[in-house]
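TrEMBL annotations:
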ACT_SITE  Cys59  active site, nucleophile
ACT_SITE  His133  active site, proton donor
DOMAIN    1-193  domain 'UCH catalytic'
SITE      Gln53  site 'Transition state stabilizer'
SITE      Asp148  site 'Important for enzyme activity'
Amino acid sequence: MEPELLSMVPRPVCAVLLLFPITEKYETFRTEEEERIKAKGQDVKSSVYFMKQTINNACGTIGLIHAIANNRDKMNFETNSSLKKFLEDSLTMTPEERAKYLETYEAIRVTHESSAHEGQTEAPSIDEKVDLHFIALVNVGGHLYELDGRKPFPINHGETSDDSFLEDAIEVCKKFMERDPEELRFNAIALSAA
């Protein structure tokens, strides 16, 4: 996460996926953050595509959907893309309706399940308790949003730009790491639109 290493990441970066451990410290922070935002409020642009996570162990899929959905204008979808159809169909839905739609959307479910079994390690069963979680960080309308389907709403982390997005997103990632300094299980993946 050093500047010279970040300079090697192809630009422009359109999203960052963060994998992090769900610990007691994180859960305490999450609860306090939600209460603080509910009390103070925050600005969230209506163009932010956000969905709830209702399927166990699907945070990686939800994170990718968040990353792609908020960068549709930068994507080239295949003509009969099931993901493109899912995004188009769900665009006007609420975050809860999108989650329910995903539960029944066969093409993405099959892709999710087959991808989960292609890795080098055995994928956990859908009901197994997992203590790692994916979120997406995206730039929508000049604001950096944290999109986590376990949370009730997107989190606005302030202003950003196409030029500074990667560095701004990494600062958010560092805050996750600072909350749990004894943890080593963090991974950030930058998605480039190039």
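Here the Cβ of each residue, glycine as well, is placed from N, Cα and C on the backbone.
TrEMBL labels come from automatic prediction, so no person has curated them.
The number of other CB atoms found within 10 A of the CB of Cys59 (active site, nucleophile), across every protein chain shown, is 22. Here the Cα atom of Cys59 (active site, nucleophile) is found 7 Å from that of Gln53 (site 'Transition state stabilizer'). In this structure, the CA atom of Asp148 (site 'Important for enzyme activity') is 9 Å away from the CA atom of His133 (active site, proton donor).
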